[in-house]
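To start, the structure itself, in structure tokens.
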Amino acid sequence: MNRSHPVEEQTGNVMRPWLAVTAIGLSTFSVVTTEMLPVGLLNPIADTLNSTVGTAGLMISLPALLAALFAPLAVLASGGINRKTILCFLIILLIMANIASATATSMNWLLAARVIVGFCMGGIWAIAGGLAGRLVSPGSVGLATSIIFGGVAAASVFGVPLGAFIGDAFGWRAAFLAMAILAMLVLILLIKSLPSLPVNNSVTIGQFAEVLANRKVLVGLLVTFFLVAGHFMAYTYVRPLLQTVSKFDNSWISPLLFAYGLAGIAGNFLAGSIATKQLRWTLVFIAIGITAAVLLFSPLGGSITGGSLITLLWGVAYGGVSVSLMTWMTIAASKSIEVATSLYIAIFNIGIESGSFLGSQVVDKYGLLTNTTLAGVVAILALAVLIFSNIKAAPAH
């Protein structure tokens with residue numbers, strides 16, 4: 001893979017690389033917002049297409065599951081193609097998927113469009129994650145990575161409410177059309193701001209085997225799985241937790257979740273600013289924060305104040321996960337960054353699906369608080385891996 005000097009050093013133009021970084025951040029925002037858009041639109045979509053809400057829920061789980069498969073495949077299939085071309089192609093596919101969703105006349109049609117979303121999500125995350133070092137100077141990589149993955153955090157905050165607002169005002173089809181228009185604007189920005197990003201060598205299956213034999217990479221993947229699975233095991237049920245345990249009125253839950261999202265954005269940039277200097281300790285504190293948040297819900301979450309503080313702590317801690325773990329992976333496999341990031345995306349999405357499924361089983365049989373306790377146990381396994389593996393990523397160069 002081509003490891004050329006950052007664009008800033010090549011051109012002397014200070015603003016252009018940051019505009020390119022922003023464009024990539026908007027790309028991650030667009031694909032994650034598209035992924036999460038149906039969350040606030042399930043009932044009207046199911047009613048229009050004569051489907052059950054349960055079947056409509058596949059619109060959310062299907063892309064995440066397929067992204068786990070498509071991330072490595074997208075990196076393999078992209079070969080030696082210029083990464084600017086690949087990113088623009090994936091955004092074009094995202095535009096088509098949103099238009100297809102907006103014009104769907106059956107649930108099968110809509111689910112087929114969501115398959116394309118899964119491919120786009122896996123590909124964009126896998127390729128975008130390693131581009132910061134090719135665009136900005138070494139001292140700015142942490143901030144650039146934070147901006148790129150800030151798109152993910154921002155989508156979690158604004159994506160679902162924005163989709164629900166447009167859907168309520170103009171219908172659910174308008175929400176998908178709005179996302180298609182946003183993706184078109186992102187495409188224009190990518191074309192205008194992103195420099196040519198050639199690669200010298202195609203990714204091979206042998207590189208995947210080599211990266212998987214890297215102990216630092218394996219530690220990063222294990223930490224990713226346990227943190228993400230533990231988080232989603234509990235967070236999937238954050239609304240009923242706040243309602244039944246903390247006794248929140250329905251009208252206050254959305255503002256609190258919005259505050260959670262803002263805390264996540266803050267955590268993203270905070271972690272990004274220190275991860276390149278103290279990466280292992282950044283991840284240790286993130287693991288402690290997530291573990292503490294879910295475990296404290298049982299003894300301290302039984303009030304509005306306690307529930308609020310725990311939720312905000314949770315947001316800050318989880319907000320730093322993507323940027324810190326992506327930094328870990330790019331340092332651990334600095335010669336095969338796209339391979340490492342595609343594996344990270346695969347394990348991340350497997351963690352989402354595993355945590356959500358396990359949580360559903362525990363909640364149905366044993367209740368919400370038992371689920372948060374077990375989620376804390378899963379999350380603390382990430383902390384154990386970090387401590388007992390006795391591995392730390394080398395400083396970023």
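A Cβ is built for glycine as well, from the same backbone N, Cα and C atoms used for every other residue.
TrEMBL lists 13-394 with the feature domain 'Major facilitator superfamily (MFS) profile'.
Marked as transmembrane segment by TrEMBL: 18-41 (among others).
Outside the transmembrane segment (53-74) by six or more residues, the chain places 35-36, 38-39, 42-43, 45-46, 86, 90, 107, 110-111, 114-115, 117-119, 121-123, 125-127, 208, 339, 341-343, 345-350, 352-353, 356 with a CB less than 8 A from a CB of the stretch. What TrEMBL lists as transmembrane segment is 53-74 (among others).
Summarising the annotation, TrEMBL assigns transmembrane segment to 86-105 (among others).
Among the features that TrEMBL reports, transmembrane segment is placed at 111-131 (among others).
What TrEMBL records for 143-166 (among others) is transmembrane segment. Residues 17-18, 21-22, 24-30, 32-33, 35-41, 128-129, 131-132, 135-136, 174-175, 178-179, 254, 258, 261-262, 264-265, 267-269, 271-273, 275, 319, 322-323, 326-327 of the same chain lie 6 or more positions beyond the ends of the transmembrane segment (143-166) yet place their CB under 8 Å from a CB of it.
Taken from TrEMBL, the feature transmembrane segment covers 172-191 (among others).
Counting residues 6+ beyond its ends, the transmembrane segment (217-238) has Cβ neighbours under 8 Å at 211, 257, 260, 283, 286-287, 290-291, 294, 297, 311, 314, 318, 321, 325, 328-329, 332-333, 340, 343-344, 347-348, 350-352, 354-356, 358-360, 362-363, 368, 371-372, 374-382, 385-386, 389, 391, 393 in the same chain. Taken from TrEMBL, the feature transmembrane segment applies to 217-238 (among others).
According to TrEMBL, the transmembrane segment annotation covers 250-271 (among others). Same-chain neighbours of the transmembrane segment (250-271): 143, 146, 149-150, 152-154, 156-158, 161, 238-239, 242-243, 282, 286, 304, 307-308, 311-324, counting only residues six or more beyond its ends whose CB sits under 8 Å from a CB of the stretch.
For 283-300 (among others), the entry in TrEMBL reads transmembrane segment.
The feature transmembrane segment is assigned by TrEMBL to 312-331 (among others).
Sequence annotations record features per position, and here TrEMBL assigns transmembrane segment to 343-362 (among others).
According to TrEMBL, the feature transmembrane segment maps to 368-388 (among others). Counting same-chain residues at least six beyond the ends of the transmembrane segment (368-388), those with a Cβ under 8 angstroms from any Cβ of the stretch are 219, 222-223, 225-227, 229-231, 233-234, 237, 240-241, 244-245, 280, 283-284, 287-288, 290-291, 294-295, 297-298, 355, 358-359, 362.
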